Amino acid sequence: MPAASPQLLPTLPLVTDFATTHSGLRHAAGRFAPSPTSALHLGNLRTALAAWLLARSTGRRFVVRIEDLDRARVAAAGKIASTQLRDLESLGLDWDGPVVRQSERLDLYADAVAGLETYPCFCTRREIAAATTAPNEADWRPYPGTCRRLTVQQRHERLTTRAPATRLASQLNTFEATDLARGCARGRVDDLVLVRNDGTPAYNLAVVVDDGLQGVDQVVRARDLWSSAPRQAQLAELLGFIPPVYAHTGLVTGPGGVRLSKSAGAAGLSDLVDSGIDHRQVVAWLCRSLGLPEVADPHELVNNVALTPPTPVAGIHRLDPRPLGGAMGWWSDAVLDVAVLRETRRP
């Protein structure tokens, strides 16, 4: 009896109708989308300010989304998210419309997956690492397509030992994404995970669906996430959305070049306030770190500051403690760039 063909799924349209069936008429927007795992540190707040300024200065809405799908890490998601929102308000950052929570949008993610060409994947992270070459940027290892080549019988056998994740059956190896500093750049794409093996929608799926449905057409984030931009842009196009323009900022670090994180001791806004530093001082420092005039109210900068042309993607920058009284023991190699705050103003 001949072996079953590994082509198990019907060929679906390259572009689904998900966007047209789920999207209403929405004005363009920027966004800030924290995960409620801990309080926002200065690096997070700097990204939020940059995203808010870029949106407001280009005539866009600004939306806030809580990315709370990781059940293991967001046990106290409600309380932490409330703290994060208060911190944004304390700095003078406002947003349009209700705050969206990913945990309340599971049906939308399921609908998106239903229209895509997918296959089950049984590989563990260790197996993927062993089957791939050295990782690319940001320690990303493209999936080698192991489970895509399985026969029906092989998949049935693996189902008895492990629940599968769901992967996109990509038809491409590279895809182009647009970054305000890089311009149009082509990057590697692979069969990314859409649904984890515990049934949780994967980050890349949820963020693309939400950006598309919320009208987000500009995304400001740290440059270590650049490697995901081509994959997310491809998925957006497959779902019928126009991929956003990205603005990847220089990565802010603490002592020793370690990326800021609460687990590594990075200070949150409440830590600074408790040490005697006023919210307005924090805003002024964040503006200074972006190469902008030091103001206590970010609204003063909207439509009143010339945004400089983009420069090459910023490198790694360390925080300067001097404007904040040295309370956190950080330093700076250079003034942080304003290059990402550049786009033709919308009429």
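Yeah, the Cβs are placed from backbone N, Cα and C, and that goes for glycine too.
Binding site for L-glutamate per Swiss-Prot: Arg31, Phe32, Ala33, Pro34, Ser35, Tyr203, Arg221, plus Glu67 from the candidate set Glu67, Glu176, Glu237.
Which of 94-98, 124-128, 259-263 counts as motif ''KMSKS' region' depends on Swiss-Prot, and there it is 259-263. The Cβ of Cys123 (Zn(2+) binding site) has 22 other Cβ atoms within 10 Å, all protein chains considered. Listed in sequence order, the residues Arg65, Ile66, Val207 complete the 8 Å Cβ shell around the L-glutamate site centroid, once Arg31, Phe32, Ala33, Pro34, Ser35, Glu67, Tyr203, Arg221 themselves are left out. Put plainly, the binding-site residues Arg31, Arg221 were compared by Cβ crowding within 10 Å, and the winner is Arg31. A C-beta separation below 8 Å, combined with a sequence spacing of at least six in one chain, links Cys121 (Zn(2+) binding site) to Tyr143, Thr146, Cys147, Arg148, Pro164, Ala165, Thr166, Arg167, Asp191, Val193. Comparing Cys123 (Zn(2+) binding site) with Glu67 (L-glutamate binding site), their Cα atoms are 25 Å apart once rounded. Residue counts of the motif ''HIGH' region' (34-44) by helix, strand and coil are 3 helix, 1 strand, 7 coil (DSSP-based).
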